[in-house]
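Colleague: Okay, these came from TrEMBL:
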- 16-36: transmembrane segment (TRANSMEM)
- 28-283: domain 'G-protein coupled receptors family 1 profile' (DOMAIN)
- 91-109: transmembrane segment (TRANSMEM)
- 129-152: transmembrane segment (TRANSMEM)
- 172-199: transmembrane segment (TRANSMEM)
- 220-243: transmembrane segment (TRANSMEM)
- 263-284: transmembrane segment (TRANSMEM)
Amino acid sequence: MSTTVLAAINVQGIRILHSIFIGMGNLGTVINLFIFLREKMRKQICSLFFIAYLITNFGRINFYTLLPTLNIGFGVDIFGKYPGFCPYRRYLGDVLLIIPNYLLVCASLDRMLFTSSNANTRSRMNRRLALFLIGGNILFWSLFNIYLFFFSQIQVLNGISTICSVKPGVGYTFYTFHSLIDVETIPILLMTGFGIQTIRHVKQMRVRSNLNFNKRDRNFITILSIQVVTFIILRLPNPIYYLYEVITSSTIKSSNRVAIENFVFFIVSLLGHAEGAAFPWINLMTSGSRTELKQAINYIIQKIHPRAIGNTTTASNVEIEGQNIQRTNNNINAIAPI
């Protein structure tokens, strides 16, 4: 397969698949925010992490995924027209990529502590700590990635479009190790560890039968378990690719090999974009989430058309009252001959 064909597949894949991811991700995020922003849901600590994830993931979809789609997929030369925008794209794109990962880690930590049979362990995660973890996570990674402002550059891709990349040298080496360790490997290891411990806690709970979770808490555990497994499957190729890049960084490569590596990177990054778009829809896979969505829709309808719902409720009450009167009359008629 020639390098031209690989480049064409890359462009068409970004144009079609990225567009699908953006549409699905935005729609799913809006639907999920309707669910998690309800007062009943906001009282749950795990909901705070999900809300923060959805908001930052929304920014990731519309910034980290949308710009390459316009630039490479549809030929909109953003960086050619506005070269000063490149450092901001590089910085904000990477910040919005890493923050959701660690918010999902925090949610996994919350479920691990919540399922513990020890009351002191369960009480460690409270609303104040959750807000601190969310704010600290956003602040830390926003400051950590400031170096990207100074190591970004505009690069011509396949002689057609321009992209914003990291300059070769010390900055790129640091960026590669940062992507390998901080962005991909550590979140995967932490989620795996917290997930295994959560499973152990749930098994211990079933054996001892000394703890009972309500339906909403069980739903959170189910959702998060599916999310973590999906994250690991779709994001695991990323650290493998970055590790390969580190090992072969000093190797002299032919143009064909570079084209193949670029195509492999396209597939790997495509899985990462798919993970961001899939998160909101995974939440709707459980019956508990669908029930919460129905309740959220009914709440919105009630706010928009309270009179219609009030009339329906009144009519139902009148009908029930009429049925009660009819039953009373029947009872009187049955007793009268005696």
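Numbers run from 1 along the shown chain.
Cβ from N, Cα, C; glycine included.
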Colleague: Is the transmembrane segment (91-109) in contact with the transmembrane segment (172-199), using at least 3 Cβ pairs under 8 Å (sequence separation of 6 or more) as the test?
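Modeller: Output yes: the transmembrane segment (172-199) sits against the transmembrane segment (91-109).
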Colleague: Sort out the residues at least 6 away from either end of the transmembrane segment (263-284), same chain, that have Cβ-Cβ distances under 8 Å to it, and list them.
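Modeller: Same-chain contacts beyond the flanks: 6, 9-10, 13-14, 17-18, 20-22, 24-25, 27-29, 31-32, 35, 50, 53-54, 57, 60-61, 64-65, 97, 100, 223, 226-227, 230-231, 234-235, 237-238, 241, 290, 293.
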Colleague: Where else in the chain does the transmembrane segment (220-243) make close Cβ contacts, counting only residues six or more beyond its ends and a cut-off under 8 Å?
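Modeller: Same-chain contacts beyond the ends: 44, 46-47, 101, 104, 107-108, 111, 115, 176, 179-180, 183-185, 187-188, 191-192, 195, 198, 202, 213, 264-265, 267-269, 271-272, 274-275, 278-279, 282-283, 285-286, 288-289.
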Colleague: Taking a Cβ cut-off under 8 Å, which residues six or more beyond the ends of the transmembrane segment (91-109) line up next to it in the same chain?
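Modeller: Distal contacts: 46, 49-50, 52-53, 56-57, 59-60, 63-64, 67, 125, 130, 133-134, 137-138, 141-142, 145-146, 148-149, 152, 182-183, 187, 190-191, 194-195, 198, 224, 227-228, 231, 272, 276.
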